[in-house]
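> Here it is, the structure in full.
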């Protein structure tokens, strides 16, 4: 899909800094990545609640939810996965511009795609959170029954079974959900945000 040459970017009269000042905190993307069943959605839900309790403005974008609307025309081929992440990256950037903490929970299996999202944001605005968990543990949890379907061949291109997952080399935060509770994981992230003076 080619971009039209007849479009112009229109800057807002209200800047990102203005919005951040009004909200009382910086705006960033907290990007959860990890295998299905590794705890991305579970931890991100609790993180959003914790930030709300701290009176910080945040909004959570979940992989399944987004595929009901914005990305419902995308499948799970490598090309569609790439486009899925590109769109979420752009939406996240808009949320950051609005002075909000964007929380995203997507498998986002390809390192290059995550790095592309990092590149469209300013330095320090992309916080990669790796929910580290073995395939065996994720499969044992299997909250949606997806691993069972993948093993039986019912689901093709399933990350961790028939499609690859590229773990981050240097994520800002790693939470090992086999050994850390949800509460401990959320505390780790909140502590990071405070130490970096984001909140």
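All positions are counted from 1 along the displayed chain.
Cβ from N, Cα, C; glycine included.
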> According to Swiss-Prot, which listed range is region 'Disordered': 1-21, 22-42?
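Of 1-21, 22-42, Swiss-Prot gives region 'Disordered' for 1-21.
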> Near residue 40 (ATP binding site), which residues of its chain come within a Cβ-Cβ distance under 8 Å, counting only those 6 or more away in sequence?
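Residue 40 (ATP binding site) has long-range Cβ partners 32, 33, 34, 63, 105, 106, 107, 131.
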> Among the binding-site residues listed here (34, 37, 39), identify the one with the smallest other-Cβ count within 10 Å.
37
> For the recorded ATP site formed by 34, 35, 36, 37, 38, 39, 40, 41, which further same-chain residues have Cβ atoms within 8 Å of the site's Cβ center?
32, 42, 107, 131, 133, 138, 177
> Looking only at the compositional bias 'Basic and acidic residues' (10-19), what are its DSSP counts of helix, strand and coil residues?
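Looking at the compositional bias 'Basic and acidic residues' (10-19) with DSSP, the answer is 4 helix, 0 strand, 6 coil.
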> If you count the C-beta atoms lying within 10 Å of each candidate's C-beta, which of the recorded positions 36, 41, 108 ends up with the smallest number?
41
